[in-house]
Amino acid sequence: MRLSQVSVLAACVPAAMARFVELMEANNVVLGPDEPAFLIETAPGKTQWVTEEQKWELRRDGQRFMDVTATQDLGSQGLRIKESVEFPKKCVNQKEVNSLAKHLDTAPMKANLEKLSSFHTRYYNSDWGLKSSDWVLKKVNEIIKEAGADKTVTAQSFPHTWKQHSVIATIPGQTNSTIIIGAHQDSINLWLPILAAPGADDDGSGTVTIMEVFRALLKSKDVVGGKAINTIEFHWYSAEEGGLLGSQAIFQQYEKQQRDVKAMLQQDMTGYIKGTLDADLPESVGVIVDYVHAGLTKFIKTVIEQYCAIPWVETKCGYACSDHASASKAGYPSAFVIESSFDKSDPNIHTTSDLIEYLSFDHMLQHGHMTLGFVHELGFHNFAKTVEGESEL
């Protein structure tokens, strides 16, 4: 934010401003310069230079974007989003998935979300954001150790040039072909990054949902023992709210390394159903159908029909609305499932009111069933035997 605006505010409310400055200094919150230092992409190929303040102004106005300042070469390796092999037309691992699903539990999800949302904010360039990502890494490692999987399964920090790091857990398979489950761990108060941002739904809910799926999946001896055909990764991204910064950095690296990512599923906001119920509509999950991979999205609908007790609805969220966009830009098939149709999703996000009390853990459990089915079915799917098809976006 500009110092001139700060000084005006200070003249009006000196006590409040003094407290603001105290918090800024005590927690090392870093804001960007006043000059246009950030290159953002608001649509495919449409870019503009903005200041840090202008980034948040755009977000407050509902504009989503990718901050491509450090990732202008993302997608430059010549990868094309493709269906080089067809995704399964039906689910085949019902016995194994249903057995593992019995381990999914709302109690750990609630305990983990209470802890995650207790951080004053998880703003990616603050000490709070660093501490919250440290907690995520610690918790994931605890899950691995409790499962007795620490000889094969790993969790590592993916550092960035800002304070908060991303976290990647890897379950090796028989091949390097990889299935990725993602959520973003950061939160933001769009009025000012220093203000409280519990981020219970956005995206604390997705963070703990995939954490619980990870815990349940490690109950499988075959998975832990490396018998899945494909490698499985769980990603907790930093700095989604700043323009998909963390996920772009990761997929930029994967693209340069020519990693073979077969599918990426994003879980961003999995707990709010009040908007749907208030509209007298049935509880459902929202399957995003714009800027996603059509074949993978079709498969997700099949997974929901097989493993969830509620239906899906198609919905749209626009360009760069979550981290799946980074995978897509790198040339990898990606998809996104949200808590409801987009227009019925949580109105409390990016404020101090994004609280646990407004969320349904039973609904989050449905997202867990879907994610578990998705990752197990594709983890054990032999892509080498499927038929080549056409790309559709």
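A Cβ is built for glycine as well, from the same backbone N, Cα and C atoms used for every other residue.
Among GLU241, GLU255, GLU305, GLU314, only GLU241 appears in Swiss-Prot as part of the Zn(2+) 2 site alongside ASP202, HIS350. For the Zn(2+) 1 site that Swiss-Prot gives as ASP202, ASP268, the extra residue drawn from HIS184, HIS293 is HIS184. DSSP classifies HIS184 (Zn(2+) 1 binding site) as strand under the three-state reduction.
Residues within less than 8 Å, Cβ to Cβ, of ASP202 (Zn(2+) 1 binding site) and separated from it by at least 6 positions along the same chain comprise SER187, ASP268, MET269, ASP346, ILE349, HIS350, ASP354. When the alpha carbons of ASN176 (N-linked glycosylation site) and HIS184 (Zn(2+) 1 binding site) are compared, the span between them is 24 angstrom. Same-chain neighbours of the Zn(2+) 2 site beyond ASP202, GLU241, HIS350, judged by a C-beta within 8 angstroms of the site's C-beta center, are, in sequence order, ASP186, SER187, ILE188, LEU190, ALA197, GLY199, ASP203, GLU240, ILE349, ASP354. Each residue contributes its Cα atom, and for CYS317 (disulfide bond) and HIS184 (Zn(2+) 1 binding site) these two points are 16 Å apart. DSSP gives ASN176 (N-linked glycosylation site) a coil state; it is part of no helix or strand. Just so you know, the Cβ of ASN176 (N-linked glycosylation site) picks up 11 other Cβ atoms within 10 Å once every protein chain is counted.
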